[in-house]
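Enquirer: According to Swiss-Prot, the substrate binding site annotation covers N69, M98, Y127, H163, S185, R186, G187, D226, A227, C228, R229, E265, Y292, on the basis of sequence analysis. Swiss-Prot lists H269, H333 with the feature Zn(2+) binding site, giving sequence analysis as the kind of evidence. Per Swiss-Prot, the feature [4Fe-4S] cluster binding site maps to C409, C412, C416; the stated evidence is sequence analysis.
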Amino acid sequence: MNYTTQMDAARKGIITKEMEIVSQKEQVDVNELRELIANGQVVIPANKNHKSLSAEGVGKNLRTKINVNLGISRDCKDIEKELEKVRVAIDMKAEAIMDLSNYGKTREFREKVVEMSPAMIGSVPMYDAVGYLEKELKDITEEEFLNVIRQHAIDGVDFITIHAGLTRSVCQKIKNHERLTHIVSRGGSLLFAWMELNNKENPIYTNFDKILDICEEYDVTLSLGDACRPGCIKDSTDGVQIQELVVLGELTKRAWERNVQVMIEGPGHMAIDEIEANVVLEKRLCHGAPFYVLGPLVTDIAPGYDHITSAIGGALACAKGVDFLCYVTPAEHLRLPNLDDMKEGIIAAKIAAHAGDIAKNVKGAREWDNKMSKARADLDWCEMFRLAIDPEKAKRYRDESTPTHEDSCTMCGKMCSMRTVKKILNNEELNLI
């Protein structure tokens, strides 16, 4: 193999098997796709050691992808329960799964996830450094942080979140700034604490070139995390957030010089009127790199319903150019999600992604809706269920309330508008009584 990474291959004019797979899935010209990868506007996270991967592309002119978070923790360390979540995520066709494990047999779990998953796998090595090493945060060395990152790469993780933009100068602004929620990124807060406890610069920032060595060797995509993402709408689009984004833009260029693929992570909590400006800022400051957002959640008052607040923001964000959505479940801010929460979160994220794809005129997006509309006009219930984003729920709802006439539902019965117009146009007897 005479290339190191997907970006290196693209710049050398080589079309990889992963590019061919993505081209077929997306119905886009493979040479146009290669050009987008070469200039950093599309990434194909594909670790050389992830043998079960079915490659996906993230970025310009492609379908918006969704990610599912899971993993073992001190309070919920049942590996089998989390592996069942992996199976559900795969069955529901999530394109990415992030293992956020931070306690116990993290490597054993990670290896199983990579082995069984055709979805691209992401991780946050910072979490693992604390849980796996079983050391006090202050005592973890820079070399140990790098060793954990290398282990994740060896194990086949396709993309890693690192909070390299949280520099000492950014931290100083956080300390001087009147933020309501300070740092809500778990990895970011751990790094902030390490820096303060050791009175040192961010080790992920100072060792960035060594991390690029690892990513280049295994073709790991960098997901540059936003440690300073807003945790409430009051903190959104402030100086702290933007200062970190500027640093991420600089790091993006450094990664590209080494042919390492990059995504940029984004908010977070954000009022709906600020979403478009934030997408424009990321695309400008980070040179068109794919944008990966958590939400954004457009209001802070809805615990138990944050899959909805997230879907509202996510749909608008995608419409304005976001490329990748991290799902949010009804359990957000409350507890670890269970399987039902997961399913709700996946469906909400998929709806938001699809709504955004319609606005972006992504190939095939509108056709799906048109087929559903045709099935409704024809009162073809079997076809409606087949096309539904959640066929199981749609069929269950209909079965729970069976109409007298099979060509209608219990909302309108014989007064169904589709039924009425269809009968009139076909010169059939109407019979509303």
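For all residues, glycine too, the Cβ spot is worked out from N, Cα and C.
Tell me about the surroundings of these features in the structure.
Expert: A 10 Å cutoff on Cβ-Cβ distances gives R229 (substrate binding site) a total of 27 other Cβ atoms nearby, all chains included. DSSP assigns R229 (substrate binding site) to coil, not to a helix or a strand.
The Cβ neighbour count for H333 (Zn(2+) binding site), using a 10 Å radius over every protein chain in view, is 13.
Secondary structure at C412 ([4Fe-4S] cluster binding site), as computed by DSSP, is coil. Around the Cβ of C412 ([4Fe-4S] cluster binding site), a 10 Å sphere holds 13 further Cβ atoms from the protein chains shown.
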Enquirer: Starting from the Cβ centroid of C409, C412, C416, the recorded [4Fe-4S] cluster site, name every other residue in that chain with its Cβ within 8 Å, sequence order please.
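Expert: Neighbours found: P403, S408, T410, M411, G413, K414, M415, S417, M418, R419.
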Enquirer: Looking only at Cβ atoms, how many others are within 10 Å of the one on C409 ([4Fe-4S] cluster binding site)?
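Expert: Total other Cβ atoms inside 10 Å, all chains included: 17.
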Enquirer: Which one is it: of the binding-site residues H269, H333, C409, C412, C416, whose Cα lies the shortest distance from the Cα of Y127 (substrate binding site)?
Expert: H333
Enquirer: C-alpha of C416 ([4Fe-4S] cluster binding site) to C-alpha of H333 (Zn(2+) binding site): distance in Å?
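Expert: So the alpha carbons of C416 ([4Fe-4S] cluster binding site) and H333 (Zn(2+) binding site) sit roughly 42 Å from each other.
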Enquirer: Which whole number of Å gives the largest C-alpha distance between any two of N69, M98, Y127, H163, S185, R186, G187, D226, A227, C228, R229, E265, Y292, the residues noted as binding substrate?
Expert: 20
Enquirer: If I restrict to non-local contacts, at least six residues apart, and a C-beta distance under 8 angstroms, what lies near Y292 (substrate binding site) in its own chain?
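Expert: In sequence order, V58, N67, S223, M263, I264, E265, G266, V322, D323, F324, L325, C326 meet the Cβ cut-off.
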